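What Swiss-Prot annotates here:
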ACT_SITE  E93  active site, proton acceptor
DOMAIN    99-333  domain 'Radical SAM core'
DISULFID  C106-C338  disulfide bond
BINDING   C113, C117, C120  [4Fe-4S] cluster binding site
BINDING   G160, E161, S190, S219, L220, H221, N295  S-adenosyl-L-methionine binding site
ACT_SITE  C338  active site, S-methylcysteine intermediate
Amino acid sequence: MKNLLGSSIKDLENIALDYGQAAFRGRQIYSWIYNYRNKNKNIDQIEVLPLDFRKKLKDDGFKVSELSFQEKKLANDGTLKLLLSTNDNESIECVGIPTEKRLTACLSSQVGCPMDCKFCATGKEGLKRSLKASEILDQILFIENEMNRKVTNIVFMGMGEPLLNIDELLLSIRSINEDFQISQRKITVSTVAVPKMMSKLSARSFQILGNCQFTLAISLHASNQKTRETIIPSAKNYEIKNIIEDSKQFVKDTGRRVSFEYLMLSGVNDKLEHANELSNLLRGFQCHVNLIQYNQIDEVEFKRASLKNLQLFQSRLSNNGITVSFRKSRGLDKNAACGQLRQNARNK
């Protein structure tokens, strides 16, 4: 299969020329895909193209979409969760999170996840495979078509560990930036932190994108190594002090501050002593802490930290000179919130 989604204008012009068409036919395909974001992804429907050209493209296996719709769930707050199927019959989920002025797409980078974080539903069924850039981009089109508005912001916080799929991730970011016209500064890549991958991410970003202007969000979730290992098994391979050092280097390499995600778990990491430890870890370099309320999943017994503890924790970080914010959960009533995405449609 040859997917047209993710192709540049030049790529599409060359395809047109290869079929004996004028270069502007490639530009027409580009406009049909990216400018109109057409709901109908069938090449037969690109009526501006000659019928014989459309037939040849279709016969030769060209497609605009590799995903198909399974189901959707609309939460009370307007958040939309989509369950989509791949051509090899795997399932992925993505989420559209609307506000008055924004539509944020929460995208998956893999089918499942190998990291097995104890608080997250995605990793409970393991990793099936990584997604291609075209499959990542297709999620945007599905969200836009279902919500009838254009996506303005992207967060790679869906299923999978993006840093274990770096090249396809960056190819999708290039298209999001150049073709979907979404600034890199409106894109966030979330990672649980994989050894040696932060330096690779910055290096490959400069090679593929020419720069590195997106936000890197590291799922830290603990203020010390012992606690982190209890909730993130992969932490045994990457000490927290090394994560911080590599984060500092990422800031030097890119000029972009790093965001640290911190999931507040009652009795695990939500005490003031943890806030002080975290402050000592992060003091002195360009970073930001994002506190997150825990979203319940069936398989584990973690509990959400109280709002009082969260507020005290936030105040202590702020008083210690750490830039901190609190991210409210969206889509909780439809299992569309952070940590609740799965590979299948169970727990409806």
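Note that Cβ sites are derived from N, Cα and C of the backbone, with glycine treated the same way.
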When you rank E93, C106, N295 by Cα distance to C117 ([4Fe-4S] cluster binding site), which of the recorded positions ends up on top as the closest? N295
Nearest-integer angstrom distance between the alpha carbons (Cα) of S190 (S-adenosyl-L-methionine binding site) and the residue listed as 'active site, proton acceptor': 16
Cβ atoms other than its own within 10 Å of the Cβ of the residue listed as 'active site, proton acceptor', all chains, total 27
Quick one: which of these recorded positions, C106, C113, C120, have their CA within 10 A of G160 (S-adenosyl-L-methionine binding site)? C113
Of these binding-site residues, C120, S219, L220, H221, N295, which scores lowest on Cβ atoms within 10 Å? N295
Which one is closest to C106 (disulfide bond) in space, judged by CA to CA distance, out of the recorded positions E93, C113, L220, N295? E93
Using Cα-Cα distances with a 10 Å cut-off, which of the recorded positions E93, E161, S219, H221 are near C120 ([4Fe-4S] cluster binding site)? none
Grab the S-adenosyl-L-methionine binding residues from the record (G160, E161, S190, S219, L220, H221, N295) and give me their largest CA-CA distance in Å. 19
Nearest-integer angstrom distance between the alpha carbons (Cα) of H221 (S-adenosyl-L-methionine binding site) and C113 ([4Fe-4S] cluster binding site): 18
What is the separation, in Å, between the Cα atoms of L220 (S-adenosyl-L-methionine binding site) and C113 ([4Fe-4S] cluster binding site)? 17
